[in-house]
Amino acid sequence: MLLSFVLHSLEEGFLFAILALGVYITFRVLNFPDLTVDGSYPLGAAVAAVLIVRGMNPFSALLFSALAGGLAGLLTAFLHTKLKITPLLAGILTMIALYSINLRIMGRPNISLSEYLGHRTVITILREVNLPIRSEYFIPLIFFVIVMVLKELVDLFLHTEIGLTIRATGDNEQMIRAEGVNTDTAKLIGLSLSNALVALSGGLFAQYQGFADVGMGIGMIIAGLASVIVGQSLVRGRTVELMTLGAIVGAIVYRLAIAMALKWGYNFGFRPTDLKLLTALLVITILSFPYLRAKVKRLEES
Amino acid sequence: MRRVAKIVTSLCLAGVFFLSVNTFPLLAAEKIRIGITQILDHPALNAVRDGFIDAMAEAGYVEGKNVVYDVQNAQGDMATASTIAHKFVSENVDLILSIATPTSQAAVRATDKIPIVFSAVTDPVGAGLVKSLECSGNNVTGISDLTPVERQIELIKAIVPKAKAVGTIYNAAEANSVLTNELAKKACKRLGLKLEEATVSSTADVFLAAQSLVGKCDAIYVSTDNTTVSALDAVIQVTTKNKIPLVLADPTTVNKGALLALGFNYYAHGRETAPIVIKILNGTKPSDIPVRFAKELELWVNLDTAEKIGFSSSFLLDACKEFANKLRKEGVKVDIKTIEGK
């Protein structure tokens, strides 16, 4: 019973890990605080939902989610590089524009992907696969594989020439501009890749929860940033491989913290209205753990 | 070092103790366990929950005695709504009461075995919760909070017979509001009225939206839109200043300064959910219980507002009484309540 709850929380964690990978690219690699996320996440959900309702294969629909997210990232990058709007404002502008665009795409604020309406999602297809292991274990495994493949691809990409340019742009823009490198292109590519991942995460989550809602994006950038930062303090190291791993670990820990708060928090006198406070407390506990452990170690030695 | 180890061990023991003490009542087999999942803290949604729990207690299902509630709130986060649903399923609760659309969708997604009773959902078929209103065909049933839009527009026509246009404010991102707005459009067309729409995306936009309707309509109608109802004071400022009759779907906020309200209150809505839940607990299959709509309406007349906007109180009361009588002839229960002028 507890196992199935943990598995479901892990599934959610893996889906958020895709978003965290995207946020890692803008926030850490490109050093660009990109708020487009709150709009591109529901954009991915909206595109996937509309296409599935129209009868498209749910896997292909995800490709279009990612594509739409990439376009959203391009728009933010365009506003910033060509129209010289500051990064924060460029992200905010795309985000608020996407709110209306998402409503246009969906045609209404909430689209159900329920089997009762005859819709098929990635989840329904995975459940039908005939395998010796139960779908309860199979689905989180598949999600895990998807996340690790995406991580590998992001790692590889960041080691290509374009990837190195993006990293250099984030490290010291002035310097590499002086070398004659076009940092605008680096930003365009980085932002669109990041938002493609975010939208892919949104498209998958809509299929996972069985509906797309225009309000899905609220607070997603906060969840993404928290995941990246939590991951960074849990997985130490400055290499790309370790940092992408950190983003994934961070997203899982963040979702597990919410799941733990929901599961046990209210046994200790907390109330449902305290959910966010409780989540914050759990994350603080996890973050301070390495420090406390070091302190205990020092006490031991003395 | 020893001291540290001691502290750690005792903390662990204390933790285990707390866990076992607090989860013990949940493990007691003879109590019915009901998981309640709510999307966010909102006066109407809280009222549904309270109404349900109160009505259950009156029917003999007393919290802590023979029923245990696990009340959860996603605080507006849809991913958390999904986590909550899976939590209930993993604990194999006896029944899930889901309040509002996204939480109901998340619950339906999480289980096809545990009975689910939804409430405060306007369009259960469109949301993919049930196959049809008559027979869900699954483990789900519930009560729709579709407000009587047609009646509300008819009421406007009854109190302002010369009206040509009705203004309305709603958030285009709220699924329920889009549906009620479509119904309002249809009703207006049938009655020869024009519907002037103003959409908002947050409570901050409501004042401006209300201003934009001034001069374009003879009355303003606010349905069950959460955003607009949360910022109702802004609408009332505009309607009072410009002497425009304001008609609401939500009876609980009419005292703020609207002229009329026709609808049901959400506490009563929650109470109407209890008999459905009890039926299921007694063995009826959810698919054998058709989705219900609110049966009892309240018509609130605010004479204080009438005075302020220069609307004849005696005409208003007569028109409302006549309107209520018409509805009663059609078999609707209507209760007229008045707020006296100062």
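Even glycines carry a Cβ here, placed using N, Cα and C.
Unlike curated entries, TrEMBL annotations are predicted automatically.
As recorded in TrEMBL:
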TRANSMEM  A:6-27  transmembrane segment
TRANSMEM  A:39-56  transmembrane segment
TRANSMEM  A:62-81  transmembrane segment
TRANSMEM  A:88-107  transmembrane segment
TRANSMEM  A:137-158  transmembrane segment
TRANSMEM  A:214-235  transmembrane segment
TRANSMEM  A:242-263  transmembrane segment
TRANSMEM  A:275-292  transmembrane segment
CB contact flag for the transmembrane segment (A:88-107) and the transmembrane segment (A:6-27), at least three pairs under 8 A: no
Residues from the same chain, set at least six apart from the ends of the transmembrane segment (A:242-263), whose C-beta lies under 8 A from its own: 5-6, 9-10, 12-14, 16-17, 19-21, 23-24, 28, 147, 151, 154-155, 223-224, 226-232, 234-236, 270, 275, 278-279, 282-283, 286
Annotated stretches the transmembrane segment (A:214-235) and the transmembrane segment (A:275-292) touching (3 or more Cβ pairs under 8 Å): yes
Most Cβ pairs under 8 Å with the transmembrane segment (A:6-27), selected from A:39-56, A:137-158, A:275-292: A:137-158
Long-range neighbours of the transmembrane segment (A:137-158), counting only residues six or more past its ends (CB under 8 A): 7, 10-11, 14-15, 17-18, 21, 25, 29, 123, 126-127, 129, 131, 164, 166-167, 193, 197, 240-241, 244-245, 248
